[in-house]
Amino acid sequence: MTDIKSLNYDELVTYMAGLGEKKFRAGQLYQWMHEKLADSFDECTNLSNALRQKLKETSEYVCLEPVRVQHSKLDGTEKYLFRLSDGNYVESVLMKYHHGNSVCISSQVGCRMGCRFCASTLNGKVRDLRPSEMLDQIYRIQKITGERVSNVVVMGSGEPMDNYDNLIKFIELLNDERGLNISQRNITVSSCGIVPKLKELADLKLQITLAISLHAPNDELRKTMMPIANKYSIEEIMDVCRYYIECTGRRISFEYSLVKGVNDSMECAKQLIELVKGMNCHINLIPVNPIKERDYKQTGKEEVYAFKNKLEKNGINVTIRREMGRDIDGACGQLRNKYMEDIDESDGGY
């Protein structure tokens, strides 16, 4: 079965021609899928019943099923848990800002990177998400809320560079003027630092924002937090980041989760300053989300601001990430893990 929502426009034209259909039919279907956000072929009312039946028999129409929604009473953040067609689950977050709505999506079911501060790695990677499954997280949220999504962050469960080909196809579809037409500059992709794939991404010269999950200013400390550091050194990561900036002209963002007593010292701040000085970059400080299965604790507010001030005084562009959805299991993987626990406790019932 063809995953029809993962086809770009030209591929869909070819596919429809194989069914004996003219090009304009492909345009109609593409509009239903990516602009009108139809839930199924049945909603494509300007396609004949015979064509809709033919499509049902030859292709799969991905439409994620929301099984749990949490609403933050603190800031209006909404967290969605979606069931996939194979029974797996992924989660997404809608964050509301004055400049528009931003959706954080997952790129994989689970994750194999093993970062110690992240809940999505607790049970490892199950599988990659297809372009359609990444897109439909955004489509479902926009359709459920009736509010336009203006920004997309690929920073949920999974490592996007570990699902590279599907990620690039997803960006192409999301950016297509025939669909949601979300500007590349409004798309942020996070990575823990798979260097060869980051180089490939740089060579594409896309105008997306790249966010590197750094979290430590030296290899020794980073290895205790992120297993990927055993494969790629910070020096290699910084080199590919400079290459990315050179190729794209885009500023790099470095994510730095502050963990109490681990990476929040003034010495760490000094090392971080030396690491990024002179780069066209931005540091995003993140008070780590406490996870019951991990022993990491959040740095105190006073220490967070001391760390920030140290960077600012040395000319580093830095912000503290606003904590969103703190009362609704807002960190990556927490809602999925809790839901799976609930299913286990109820012996498989929903």
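Using the three backbone atoms N, Cα and C, a Cβ is placed for every residue, glycine included.
Residues or ranges marked as active site, S-methylcysteine intermediate by Swiss-Prot: C332.
Residues or ranges marked as [4Fe-4S] cluster binding site in Swiss-Prot (evidence: sequence analysis): C111, C115, C118.
Taken from Swiss-Prot, the feature S-adenosyl-L-methionine binding site covers G158, E159, S190, S213, L214, H215, N289, and the record attributes it to sequence analysis. Secondary structure from DSSP puts H215 (S-adenosyl-L-methionine binding site) in coil.
Spatially close to C104 (disulfide bond) yet at least six residues away along the chain are S92, V93, M95, V153, V154, M155, G156, judged by Cβ distances under 8 angstroms. When secondary structure is read from DSSP and collapsed to three states, C104 (disulfide bond) falls in the strand class. Taken from Swiss-Prot, the feature disulfide bond applies to C104-C332.
Annotation comment: Swiss-Prot describes 97-327 as domain 'Radical SAM core', evidence class sequence analysis.
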Confidence summary for the domain 'Radical SAM core' (97-327), mean pLDDT rounded: 95
Pairwise CA distance, C115 ([4Fe-4S] cluster binding site) versus G158 (S-adenosyl-L-methionine binding site), rounded so that it is a whole Å: 11
C115, C118 as binding-site residues, winner by CB count within 10 A: C118
Cα-Cα distance linking G158 (S-adenosyl-L-methionine binding site) and C111 ([4Fe-4S] cluster binding site), given in Å to the nearest integer: 4
Distance [Cα-Cα, Å, rounded] between G158 (S-adenosyl-L-methionine binding site) and C118 ([4Fe-4S] cluster binding site): 10
Residue pair N289 (S-adenosyl-L-methionine binding site), C118 ([4Fe-4S] cluster binding site) - Cα distance, angstrom, rounded: 8
Longest CA-CA distance among G158, E159, S190, S213, L214, H215, N289, per record bound to S-adenosyl-L-methionine, angstrom: 18
